[in-house]
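A short write-up of the structure that comes next.
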Amino acid sequence: MQMSKLVNKSKKEKGQAMVEFAIVLPLFLLIVCFLIDVSWVVYNKVQFDYSLRKMAIQLDLGPQQKHALHTNQSYIVDGGWANTHIRDMYEKNIKEMGAPIDVSRVTIENSRIAVLAGKREFNYGVPDGTDKDRANSKFKTTTMEIASDVKYKVYPVTPFSKPFLKDGVELKNNLYKIRRIELVGGKNQQW
């Protein structure tokens, strides 16, 4: 008798698996698509930050930079020219890298590029003090400062996330890099 009750009970629950499948499948697809879109945004953020850092390292002002280095005078540019120069260098860098960044969705604002000739002091000390020629040397160093506010819009890849993220995700980077261009003065310049 017990067995017949189980068989009858299983017949009544025959459509339950279909209903559970119909409920769970869309939730599973939403979770998978959400993970794909989050991964896409994180991947773009990493590429965006890396390409900006690489561009800041390779940035060159050309004749103005050489003039500042040879005359030992500082050269500071900001505003429209700096925005345009950083954008041009960034586009060139993106093409070389092959990064999946759409440059038309990148906005560059409040840029400032400065070549500060002999302004920062660099102290060099040998930890064990064995090299007396280099121990506690002081240099006046020429640096380049690059500052800019850069934004990039990333849009979702999957169709499930598009209704939730119609405006996309805005990635921001407050770019600020200082790099040494040339050492001036000091005991040893053979670096």
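The count begins at 1 with the first shown residue.
Glycine is no exception: its Cβ is also placed from the backbone N, Cα and C atoms.
In the predicted model, the domain 'TadE-like' (15-52) shows an average pLDDT of 90. According to TrEMBL, the feature domain 'TadE-like' maps to 15-52.
The transmembrane segment annotation in TrEMBL covers 21-43.
In the domain 'TadE-like' (15-52), helix, strand and coil residues by DSSP number 37 helix, 0 strand, 1 coil.
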